[in-house]
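Novice: OK, TrEMBL features for this one:
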TRANSMEM  24-47  transmembrane segment
TRANSMEM  67-88  transmembrane segment
TRANSMEM  95-112  transmembrane segment
TRANSMEM  118-142  transmembrane segment
TRANSMEM  154-172  transmembrane segment
TRANSMEM  219-241  transmembrane segment
TRANSMEM  262-280  transmembrane segment
TRANSMEM  320-344  transmembrane segment
TRANSMEM  356-380  transmembrane segment
TRANSMEM  392-412  transmembrane segment
TRANSMEM  419-440  transmembrane segment
REGION    501-550  region 'Disordered'
Amino acid sequence: PEEAEPEAGAAGGRWRCGRCAAAAALRWCITGALCASFLGLGMSIAVLGPTFPNLAANVGKNVSDMYYIFVGRSLGFLGGSVVGGVLFDCMNATLLLALSMLGTTAGLYVIPWCKESLLLTILMSVIGGSMGILDTGANVLILNTWGSESGPHLQALHFSFAAGAFLAPILAKMAMGASESEELAGAEKTNQSVLKSVPTASAASTTPAPKDNHDGDFLWSYIIIGTYILFTSIFLFALYSKSSSTRDKSKATAQKGTLAKYHWPLVGLLFVFFLFYVGAEVTYGSYVFTYAMAFAEMTEGEAAALNSVFWGAFAMCRGAAIFGAAFLSPATMIVISLVCSAASSSALAFLAHYRALLWMGTAMYGASMATVFPSGISWIEQYTVVEGKTASTFVVGGALGEMCIPAVVGYLQGRFHHFPVVTYAAFVTSIMTVLIFPVMCKLANAPQENDLKEVSDSETRKALLTNLRLTEDEEDEENVREWNDADFEIIEMNDKLKNSLTDTSHRIPGDSPAEVSLRPHLEDVLGDPPVLAGGSPGRQNGNVDWEKSE
């Protein structure tokens, strides 16, 4: 038995180490699956741009009349964010993400064969809803998986989205196998054929698609992206079979006691913060090409290069933020981003007539926009609980900013043709974010009621201890005072007794036996103060000796 005990302990240690290694591997698998999902999310959103003329030709519509599919996708994204926030608090997060990716796959497979504009809008809404669920749930699942260490992983998650948005146009061009000039010529022929047709619904639906619109080619781009998302969905289903929902629920219940004092006002301010931030990002990225040609008098190639500089700096800074988040706190990264955003937007608004400042300001503005969203999620997680409803709130804020601010800027730019509304909008939104963030920090650092109670209790205990020390000091001083008074009484009694005995000895002439017997007794009395403290015993002994000597 004595030899079996160390073996059992070693076996238990190996079992615990194996269990910890399996948990760590599961966390990394979940993170990898979420990053792969966001890569597919970026590709599925960005693929619409280069294939937009083909979709318009597919349904027999003019490109300028296809704006409603963007509205449908945005509304679906908003609905998916709200519904996803509720569902994430009720069911397993991995399962819900797998189902949403499956819905995205189905929509991407059906879109190339869609011949009706209404059906295309519905499909775009379904894909938008799946994207909203994924955007809300992936952020929450990263926070639940890594906790306080989620900063670099959130940056990697959103970098994957930027990488997907960068790869989608390249993939679409490779799938279509056509040059940009051929695509533009096909789009113009499509628009001319639609404009020449009778403007009725039946005529629009029966308008034949042009033969050079590369239907079979653009079809493959959707199939490739849909197949990639399908494999990602299967991997998420496999992770769901390995992970348990009880672990996530236990974590959520363990964190419910850490709500900030001003939880919902803080979430509301983050909602407004993300509304301005995402709106500014999408607005400048969408209108910088037009601004460069209309106000900076650039050529088409230079304007496209300026647009690429913005998104390239955006993607590169998101990639660098993966490593920066391991050393810098979320608040520090947000402050750096806001300062750079305010400086670059000021240069764009007031000094853009200098060509060098326009290029530098655009690059700096894109870099400053890269880390705000993931850093904001990491920041608020330090002060309060981020559950499904909370995450859906600020994701909806970002989606509303993406919808509303570009529309408002486009409307104002149409009204004021000679005024660069885009750059001034970037400046105003950056100032708003700079003003909102300190208020958020003030609310986040407000002491909770429990903290105030603990402080008051500690102060009460400190006051009681201080009073107790004062009481003990007063008692000690009183005791010292009593002992001093007793000492003075003893000294006075000793002096009186010595004087009385000395006077008596002077009255006896010569060296009598009384004097001889008196001196020893006098020395004994003077050398024993405690006996004299009582008063009478020493005096009685002296009298007795005196009588005996007589």
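From the backbone N, Cα and C atoms, a Cβ is placed for every residue, glycine too.
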Novice: Sequence-remote contacts (6 or more beyond its ends) of the transmembrane segment (419-440), Cβ cut-off under 8 Å?
Specialist: 266, 269-270, 272-273, 276-277, 279-280, 283-284, 287-288, 290-291, 295, 334-335, 338, 341-342, 345-346, 348-349, 352, 365, 372, 405, 409, 412-413
Novice: Establish whether the number of Cβ pairs under 8 Å between the transmembrane segment (118-142) and the transmembrane segment (219-241) reaches at least three, counting only pairs separated by 6 or more residues.
Specialist: no
Novice: Are the transmembrane segment (95-112) and the transmembrane segment (392-412) close enough to be called in contact, which here means at least 3 C-beta pairs under 8 A that are separated by 6 or more residues?
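Specialist: The transmembrane segment (392-412) and the transmembrane segment (95-112): touching, no.
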Novice: So which residues does the transmembrane segment (219-241) touch in its own chain, when a touch means Cβ under 8 Å and the partner is 6 or more beyond its ends?
Specialist: 26, 29-30, 33, 36-37, 40, 43-44, 47, 51, 92, 94-95, 97-99, 101-102, 104-105, 108-109, 111-112, 168, 171-172, 175-176
Novice: Ranking 67-88, 154-172, 392-412 by the number of C-beta pairs under 8 Å to the transmembrane segment (24-47), which range is first?
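Specialist: The listed stretch sharing the most Cβ pairs with the transmembrane segment (24-47) is 154-172.
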